[in-house]
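One structure is given here, and the rest of the page talks about it.
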Amino acid sequence: MLTKRIIPCLDIKDGRTVKGTNFVNLRDAGDPVELGAIYAREGADELVFLDITATVDERKTLIELVRKVAHTVNIPFTVGGGISSIADVSALLNAGADKISINSSAVRNPDLVDELAQEFGSQCIVVAIDTRFVDGEHIVHTHGGRRPTELRTLAWAKEIENRGAGEILLTSMDTDGTKAGFAIELTAQISGAANIPVIASGGAGSMAHFVDVFTTGKADAGLAASIFHFKEIEIPALKRFLSQQGIPMRTTA
Amino acid sequence: MKTVIIKYNAGNVQSVMYALERIGASYLLTDDEAEIRSADKVIFPGVGEASTAMAYLRQRGLDKVIPSLKQPVLGTCVGMQLLCRYSEEGNTTCMGVFDVDVRRFPATPGFKVPHTGWNNLTTMQGPLTEGLTENPYVYFVHSYCADVCPETIAVCDYVRPFSAMLHRDNFYAAQFHAEISGNVGQRILENFLDVDKRT
């Protein structure tokens, strides 16, 4: 049976993880390669590396990092942040990334989604949507959720699917950082309408929140950052709990 | 031991190269017929569209080379599909090593296409899945699949049961991405690399 996926997200700046972590057994808490490898060993189903820097020099650092991750980790991983061209994607895939994620650049230039899907195949093109509830409507935002666009979230999700996106990474800026649970209703609406997988992000604070997002929320995958980094929730325990709740999970021997 | 990865216009070759490096296996990435023929093991990877990939192989004569190989060959994902008789994707006549056709998952409520993520293998047979625990999980991304047939050596179920792995003579194939399927995928690749000791 196809399982639901648990995905830790690592924020990267200058080739290092940004937010602190609580891994006592980590030699270097800022090393994304080591942290990624630990998550993979613990049973994470995929990894997302989000580069929050943008300068040319820092891109080179990112490529080097991607190469190291690919050498170390034997599960799929996605790289996102500052990607706006076929050349950017080509460099990341050649360095060993399995998928890339675009966000603001897709909003600025929706044709980019078609171009990337045609060039590299839909399977490696994730489109991230940052959304916020404004005046009774879910509106797509850019710039880390600060800048509203004209786009309605559901219509935009359908559009990027039609343009060839392989997956949607849906982050609710309303729930992000609150630890009060995922945006269940919105996730269910988007996942119910899309025929591509939806990764829900923003708001995970307890194991029960993952149950909600996988059942009522119809999400195909759940993504979180700090709760994993600070070991508030450990992945093996989370997957055991979800299994017991009847949610299909990949078990690793 | 000489392992060759066949170089063609399908993506994802990098992931296969890294996977081999992780298990300490050396390899050569090439589309040269003599190099391919002299290899001990041949890996034929693939991500992309079937008709475009097949056209590229034909242009270089690789569509004749690959089915005539005598050493162990492993096709993965689109590489597996191209070793079948025919693919609905782009109405493509493929190489016909395996006596089965490749069809799109029928639109079915509750089943997204592509089939994306971790799913388990059942009814496993043969040397490639040796040493694995029961019903192990591997990573899939595909919209087309081969039916279950006499050459099936592992089954996966999504919408309906389909061939997750095929085997005939020296040819092996996997629909999933062994190269990013965790320790299970790693074991399958290792098993392939010393398959002659296991058969």
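Positions of Cβ are set from backbone N, Cα and C atoms, glycine also.
According to TrEMBL, the features are:
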ACT_SITE  B:Cys77  active site, nucleophile
ACT_SITE  B:His177  active site
ACT_SITE  B:Glu179  active site
DOMAIN    B:11-193  domain 'Glutamine amidotransferase'
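With a cut-off of 8 Å between CB atoms and residues at least 6 apart in sequence, the same chain places B:Asn12, B:Ser15, B:Val16, B:Tyr18, B:Ala19, B:Pro45, B:Thr76, B:Gly185, B:Leu189 near B:Glu179 (active site), listed in sequence order. For B:His177 (active site), applying a Cβ distance below 8 Å and a minimum sequence separation of six or more within one chain yields B:Asn12, B:Ser15, B:Thr76, B:Cys77, B:Val138, B:Tyr139, B:Phe140, B:Val141, B:Gly185. Mapped onto three states, the DSSP output places B:His177 (active site) in coil. Within the model, the domain 'Glutamine amidotransferase' (B:11-193) carries an average pLDDT of 94. B:Cys77 (active site, nucleophile) is surrounded by 27 other CB atoms, counting those within 10 A of its CB over all protein chains shown.
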